[in-house]
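Quick look at what TrEMBL lists:
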type	residues	note
BINDING	T97, S98, F131, P132, T133, D134, T174, D203, H206, Y228, W258, T284	pyridoxal 5'-phosphate binding site
MOD_RES	K229	N6-(pyridoxal phosphate)lysine
Amino acid sequence: MTTRKDCLTRDSQDALAPLRAQFDLPPELIYLDGNSLGARPRAALARAQDVIAREWGQDLIRSWNTAGWFDLPKRLGDRLAPLIGAGAGEVVVTDSTSVNLFKALAAALHMQAADPARGERRVLVTERSNFPTDIYMAQGLSGWLQRGYRVRLVDSPAELEAAIDADSAVVMLTHVNYRTGYQHDMAALSAHAHAQGALIVWDLAHSAGAVPLDLHRDGADLAVGCTYKYLNGGPGAPAFIWVPRRHQAAFRQPLSGWWGHAAPFAMAPDFAPADGIGRALCGTQPIASLAMVECGLDIFAQTDMAAIRAKSLALTDLFIELVEARCGAHPLELVTPRQHARRGSQVSFTHPHGYAVMQALIARGVVGDYREPAIMRFGFTPLYTRYADVWDAVDILRDILDGQAYDIDAARDAVT
Ligand SMILES: *Cc1c(COP(=O)(O)O)cnc(C)c1O
């Protein structure tokens with residue numbers, strides 16, 4: 001079995017190890033929740049200071065031009081693009097994941113309705129286990145349109161292909177499941193959706209910055225994703241939306257605000273969409289928050305997704321190995337796939353007292369999180385997680401389980 005000394009050796013040989021110093025993490029904390037809120041890049045503090053004191057404080061409204069505020073959604077989109085296999089001019093960082101999903105779904109339904117051969121399709125396919133906001137946005141949009149659209153919820157990945165049929169207008173899937181860490185086969189499902197005449201929208205919330213992505217190669221139609229998880233953009237940082245060039249002319253979304261206009265400063269009374277990715281924008285962006293996203297992207301620019309993926313798999317393999325070897329006497333069940341190709345960058349175990357055990361872990365400085373039902377979720381972010389952290393986290397977990405040192409009557413917090 002792997003020892004703590006082996007873990008320290010692996011850390012000393014890890015090419016990504018120096019990047020940890022670019023994050024401000026409390027020294028005693030083992031942070032395994034970067035899949036929910038990424039750690040703070042050290043540079044974000046000075047960047048925030050500069051945005052607020054100089055760009056806002058001194059330069060005031062001139063900063064829309066002199067500090068590049070107006071172009072920020074596109075500039076950041078171009079910097080994010082290589083992480084997801086997108087081209088320049090295909091991504092904007094803007095709005096929330098929920099809002100971008102609304103735009104993407106509405107645009108995809110519009111593209112289908114505009115095609116006489118496909119316009120009769122009325123089903124939006126997604127998974128029952130999807131993150132709730134994704135389902136809610138699909139339900140909200142389809143119900144609101146009042147054109148007979150309905151959402152089909154599929155119960156397992158194995159049933160997906162059969163559920164995507166000649167009635168399907170749009171398939172909307174989250175690439176890596178937030179609860180289980182299951183990773184879909186994007187290429188196969190995109191090809192199947194297309195063979196059935198459907199378009200496919202991918203949510204990359206748990207994929208961007210966590211697993212290598214190649215949206216063009218894998219046949220995605222549209223995609224959205226989050227920047228405050230693995231991309232370390234800061235709490236509530238704006239999300240992103242990808243519209244490939246081949247779909248940009250047909251992409252029409254109903255949140256037609258002035259930032260998406262072809263000539264926003266012409267102040268024309270009629271909306272005309274911008275050429276290109278600009279039409280995915282809506283209104284004025286939260287610049288201070290948006291600026292923080294760049295600090296996270298700066299760190300990704302110093303490595304590549306292949307190196308991140310290799311370490312991510314090594315960390316998650318190690319965690320599974322150690323939990324099974326050292327906590328095997330306890331009723332823990334792995335819900336994350338062992339197969340690398342089907343695994344994201346997290347590991348989830350169920351335990352009958354999962355919530356209480358997670359609270360005990362957090363109290364001892366191992367921060368993961370809990371998701372119903374009974375799932376303890378551990379996120380592994382290769383930019384700042386060490387092999388020794390994995391060993392220490394399992395050591396503390398074993399101690400808690402062996403000593404039954406958790407309170408099964410603990411009151412539940414709203415968020416964690
Ligand atoms: C985190 C996450 C979101 C978050 O959406 P917000 O609009 O930022 O609240 C959406 N979808 C999935 C799949 C997520 O994992």
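Numbers here mean position along the shown chain, with the first residue as 1.
Note: Cβ is positioned from N, Cα and C throughout, glycine not excepted.
What TrEMBL says about a protein is an automatic prediction, not a curated fact.
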| query | In terms of Cα spacing, which of the binding-site residues F131, T133, T174, H206, W258 are within 10 angstroms of the residue listed as 'N6-(pyridoxal phosphate)lysine'? | reply | H206
| remark: Listed in sequence order, the binding-site residues from T97, F131, T133, T174, W258 whose CB sits under 6 Å from ligand 1 are T97, F131, T133, T174
| request: Find, for the listed binding-site residues T133, T174, the residue with the lowest Cβ contact count at a 10 Å cut-off, counting only other Cβ atoms. | output: T133
| Taking the binding-site residues one at a time (F131, W258), which has its Cβ surrounded by the most other Cβ atoms within 10 Å? | F131
| Among T97, H206 [binding-site residues], residue with fewest other Cβ within 10 Å | T97
| request: With pyridoxal 5'-phosphate as the bound species and T97, S98, F131, P132, T133, D134, T174, D203, H206, Y228, W258, T284 as its recorded binding residues, calculate the greatest Cα-Cα distance and give it in Å as a whole number. | output: 30
| task | Indicate whether T174 (pyridoxal 5'-phosphate binding site) is helix, strand or coil by DSSP. | result | strand
| note | Counting across all protein chains, other CB atoms within 10 angstroms of the CB of the residue listed as 'N6-(pyridoxal phosphate)lysine' number 27
